[in-house]
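Colleague: When I checked Swiss-Prot for this same protein, it listed these features:
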type: ACT_SITE; residues: HIS22; note: active site, proton donor
type: BINDING; residues: TYR18, TYR41, TRP76, TRP77; note: substrate binding site
Amino acid sequence: MIRKATVMKVYKDKYDDYKQRHDKLWPEMAEMLKAHGVHHYSIFLLEETGQLFAYLLVEDEDSFSEVAKTEICQKWWAYMAPLMETNDDLSPVSHDLKEVFYLA
């Protein structure tokens, strides 16, 4: 498994909406992620700044790179766009983090 971590940003007045939408994650979104080899996906919020820290395990990069091309992912991005910083294609502005420590 490949460990991945990213940072995104949610608007400060949208924290509750962001959490509520993820609490009710569409079943088809969860199914698609699992079908593309995503496991143990967690998102944490730093309330002082609105930074979101996402951590997930993926089976392989090629399969994971296909997630963004799915129709359900595109719909999810549009649904979440009013709550967070996004790119022109409505994907979240996301910065991959470099792993500097790991204890197995």
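Cβ coordinates are placed from backbone N, Cα and C, and glycine is handled just like the others.
Since this is a predicted model, take the numbers as computed values, not measurements.
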Colleague: Around HIS22 (active site, proton donor), how many other C-beta atoms are within 10 angstroms of its C-beta?
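Modeller: A 10 Å sphere around the Cβ of HIS22 (active site, proton donor) contains 11 other Cβ atoms.
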Colleague: Grab the substrate binding residues from the record (TYR18, TYR41, TRP76, TRP77) and give me their largest CA-CA distance in Å.
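Modeller: Of all Cα pairs among the recorded substrate binders, the widest measures 17 Å.
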Colleague: In whole Å, how far is TRP77 (substrate binding site) from HIS22 (active site, proton donor) when you measure between their Cα atoms?
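Modeller: Here the two Cα atoms lie 12 Å apart.
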Colleague: List the other residues in this chain whose Cβ sits within 8 Å of the Cβ centroid of the substrate site residues TYR18, TYR41, TRP76, TRP77, in sequence order.
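Modeller: So the extra residues in range turn out to be ARG21, HIS22, LEU25, MET29, TYR79, MET80, PRO92.
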Colleague: Around the C-beta of TRP77 (substrate binding site), how many further C-beta atoms are within 10 angstroms, looking at every protein chain?
Modeller: 17
Colleague: Determine the Cβ neighbour count for TRP76 (substrate binding site): the number of other Cβ atoms within 10 Å of its Cβ.
Modeller: 21
